[in-house]
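These come from TrEMBL:
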| type | residues | note |
| --- | --- | --- |
| DISULFID | Cys188-Cys215 | disulfide bond |
| DOMAIN | 29-215 | domain 'Laminin G' |
| DOMAIN | 216-253 | domain 'EGF-like' |
| DOMAIN | 257-434 | domain 'Laminin G' |
| DOMAIN | 441-624 | domain 'Laminin G' |
| DOMAIN | 626-664 | domain 'EGF-like' |
| SIGNAL | 1-21 | signal peptide |
Amino acid sequence: MLKTVVASLVMATCFLKTSFGQNRDVGSEVTFTNLDGSFVEYLPVWLPDSPQGVRLDFRTNQPDALLIYHEYTTEEDGDPPYVIFVQVEDGRIEINHIYLNWKETVRLGRGLMEDTWHTVAYRKDPETRVLTLTVDGETDTIPLRTDVDGILDRGPPASTTAVYLGGLPDGHAHRHHVLSRYSQFVGCMRNVQFLLDGSNRTLTPVRQVGIQNSCIDRCQDNTVCQHGGACVNQYYRTTCDCYGTGYEGQFCEKSETTEVLLRGNNYVEFVQQNEVDRLVNRISLQFKTQQQTGTLFFGFGLHPTRNYIMGSVQHGYAVFTIDFGDSPMSLTSAARVDDNRWHTLELIHSGPEVSMVVDSAPAQTLRSDGVSFHLRIERGYFGSVGDHRQLIGIDTAANMIGCMRTVYWNQVSILEHLNDHMVSHIGGVPDLTCRDQDPIVPFTFPTSDTYLSIQRWDPRNVRLSFRFRTLRHFGILIFAPIEIDDVPGKGIWVRLRDGQVHLEVGSSRSDDLTTPIASMPYLSTPGTDVLVVGEGPLNDNAWHKVQVAFVANHAMLEVDGKRVDRDLDGYFTRRGAIHIGAGEHDHGIGFVGCIKGIKFNGDDLDVLRMMTTSDNHGVIMDNCNIRDFCGRANRCQHGSLCQQDWYRSWCVCAGTGYEGNVCSFPLYKSSCDEYYQMGERRTGVWRIDVDGRGPLPPSYVHCTMEATEDDRDAGTTTITHNLVPRTVVRRADMSDTLLHVTYQDMDQYGQTLLHLLQMSQSCQQWVEYQCRAAPLRLGVNTWFYGAKEIQYSAIGHSGNSSATDGKCSCWYSSTCAEENLGCNCDKGDETWRTDSGYIRDIAHLPIIDAVLLQGGNTAGTEGRLSLGPLQCTGSKTNDPSYGVTFTKESSYIELDRGWEEGDLTFASSLTTRAVFCCTNSRAPPTPTISSSI
């Protein structure tokens with residue numbers, strides 16, 4: 001077999017060289033200019049058992065583009081049994097051969113989107129079952145599957161063998177089923193040839209849409225770019241690259257360049273709108289700063305592998321870092337750039353090489369030896385790393401403090417597009433004037449475990465002052481570990497508790513860190529001193545000033561000008577570094593917010609220096625634009641507690657009876673039947689939540705987990721009530737009676753009962769009236785009300801009878817005491833009689849009120865009423881008639897209106913170990929999914 005495959009490889013390679021390389025019939029050049037659907041259609045007639053193939057030259061600046069698409073279809077099945085297509089994928093050529101569930105893929109070449117001519121050819125040999133791909137002289141070959149029902153041997157009718165170049169017609173039935181990412185080709189093609197009956201042929205297209213003759217260079221006679229700006233040919237239009245001219249504008253006509261002031265609390269975000277911009281070829285900018293650390297730019301992508309690019313200032317030098325997906329590589333400038341003067345940074349990416357030029361220094365170059373050297377960046381940031389601070393490999397996450405101008409991403413002048421559809425300024429209104437800035441920079445403590453450390457300090461002479469702002473009502477601002485009179489485990493805490501600042505000296509701890517923070521007890525052992533300052537909550541997102549001092553056993557705390565003092569006993573010794581923003585073992589209750597203007601013993605604390613040392617534990621220079629995640633209406637549901645840090649919020653569901661991201665999913669099923677369908681078989685007391693994520697609380701009910709009397713495979717929910725069996729309702733000495741029935745663990749308004757009735761397949765309740773000289777007289781002296789407050793007066797009536805016809809079950813079966821009576825008890829004699837039956841109409845269930853009027857009672861009169869429990873069986877949502885079956889892997893359900901908010905709940909029965917659940921192209925803010933499997 002190996003010899004056969006090797007021989008096939010040699011034969012295929014030779015054939016590609018001979019049939020496509022000699023006596024070439026050069027076709028005319030054409031340009032695909034329509035982004036919405038340019039294509040060329042051919043109808044080649046391939047004979048059975050003959051080699052097949054296509055060859056062409058192309059040039060494009062797109063990293064992804066469809067080149068060739070060919071399929072066979074049959075009249076018996078709408079899905080294509082055979083497809084072969086060639087595309088540019090991330091700058092490489094990829095050919096896919098698909099038959100039913102089998103797919104073979106070959107990839108060749110790199111960097112094929114730099115707008116130069118390249119040659120691609122494929123050959124499929126039915127005899128040897130080999131597929132060969134050649135790109136710019138490089139060849140790769142794979143054997144095709146042998147169990148393909150002879151599709152390689154058949155010569156299908158010409159009408160079913162359409163070959164499309166560059167794109168597909170509108171409404172093409174199969175393009176989204178087989179193409180993982182379909183991008184229209186924009187660029188030029190030439191020398192299109194088909195391998196027919198052993199020789200290459202140039203065919204006449206049967207259809208051309210959006211095609212122009214010749215390879216169009218729109219910049220050839222274009223003089224619109226001014227002041228030396230370079231014209232860029234996009235085939236369907238031209239743009240001007242103004243980089244290096246000192247001008248801006250669409251045609252490089254504006255002499256004033258845009259500047260932006262970066263204060264450390266703002267940055268610029270660039271969203272790439274097309275595939276060309278996502279491929280990074282050049283990033284350039286001018287900047288000035290007097291800070292030793294900060295982010296200049298950052299771009300991040302995930303396709304085909306995680307890749308990123310970053311420029312920063314570290315220790316005063318410009319640093320460039322790039323990761324194509326293999327490992328990060330870095331370059332560092334030879335000279336410092338933190339002198340508050342304008343500096344130029346330019347990055348050029350060409351193939352596997354990336355060069356950095358800082359000012360007029362010689363270029364420094366990196367070369368990738370890995371498989372990939374393409375950057376596919378979807379978002380770019382200038383002055384920040386955006387939401388990617390925790391990305392492994394990022395050397396600094398500090399925001400930029402300084403100025404930028406002439407910022408280019410490829411040919412796009414970023415700052416010219418501020419606040420349009422591509423470029424956004426994050427952190428307020430952009431300041432387009434570069435000037436010296438306030439040296440007091442705010443620092444962000446993004447999570448409860450981030451803090452700064454002060455290593456050297458004297459516990460008998462500590463003076464700290466700072467300003468803070470936060471939205472959280474709790475958090476440790478300062479912690480200083482000490483020993484008091486040589487007793488270890490003591491400390492000094494400055495913390496927010498219930499929105500006020502507390503100064504605590506001694507021992508302070510939490511016994512239960514799993515309890516929600518809002519109710520967490522902070523215990524102070526005997527000997528702990530506490531000073532509290534502040535009126536009203538200080539977690540109001542405003543700046544507040546705090547001063548704290550320990551000088552010779554005298555403690556002082558001042559908050560926003562209000563001060564308290566206290567003398568302390570004991571001898572203090574230091575046992576560790578001061579933490580600003582977190583405690584020693586108090587995990588989860590550190591400070592989240594911003595702090596600025598830190599002074600320690602009268603001197604400004606050099607936090608900027610600390611940012612690049614081991615004294616910084618996750619603190620960042622950020623926009624300090626605190627987002628109030630918990631301020632959103634109805635985010636945490638069912639009374640759950642909302643908590644947040646800098647990046648996200650979460651809901652504490654403990655004690656609510658719900659779970660999930662926003663405590664929306666009930667911990668309990670909606671009925672006994674839902675438990676039954678999940679495999680539960682224990683008959684007894686269960687807890688259910690009939691309205692799921694609705695406002696009604698959970699309830700205790702009795703569940704019967706066995707098949708019903710009519711052999712239905714379902715669970716039955718039983719709800720008891722407070723009416724005693726055989727309750728006397730009529731007697732000689734009694735007045736008119738109104739009985740109000742209360743059901744166990746149900747809300748007083750009956751909403752829980754109504755939900756259960758509406759969702760169940762069937763419900764029923766037994767009613768029994770025993771009488772002696774006590775006529776029932778339904779509708780006259782006796783009637784009932786259900787949860788819907790509808791009056792009815794019948795017992796055991798059939799589905800065809802009126803619920804108010806005054807009849808009992810004996811009338812429907814013609815078994816009453818007398819033929820002309822509607823109920824047995826209506827005879828009114830001294831004999832004990834009974835009327836009973838089930839009520840099964842959910843409109844009248846369950847009995848909430850019973851009205852029994854007295855009339856003509858005698859000494860022997862007695863009437864007794866008994867009610868059975870409410871019994872509901874099955875569930876409409878579990879009714880097989882409402883279910884669907886997925887019969888093959890391509891089956892799916894599509895919601896016409898999409899899924900914009902709320903929860904999706906479903907039950908499923910699986911026969912495979914791995915399944916794909918669901919996707920939502922509209923991307924809701926926080927979708928949650930629950931399933932029963």
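Along the chain as shown, residues are numbered 1 onward.
Cβ coordinates come from backbone N, Cα and C, glycine included.
One residue stands out among the disulfide-bonded residues Cys188, Cys215 for having the most other Cβ atoms within 10 Å of its Cβ: Cys188.
For the domain 'EGF-like' (216-253), same-chain residues at least 6 beyond its ends with a Cβ under 8 Å from one of its own Cβ atoms are 31-35, 61, 115, 186-188, 276, 282, 284, 406, 408, 411, 413, 416. Along the domain 'Laminin G' (257-434), the predicted structure has mean pLDDT 82. Note: the domain 'EGF-like' (216-253) comprises 0 helix, 9 strand, 29 coil (DSSP; helix = H, G, I, strand = E, B). Each residue of the domain 'EGF-like' (626-664) gets a DSSP state, and the totals for helix, strand and coil are 3 helix, 10 strand, 26 coil.
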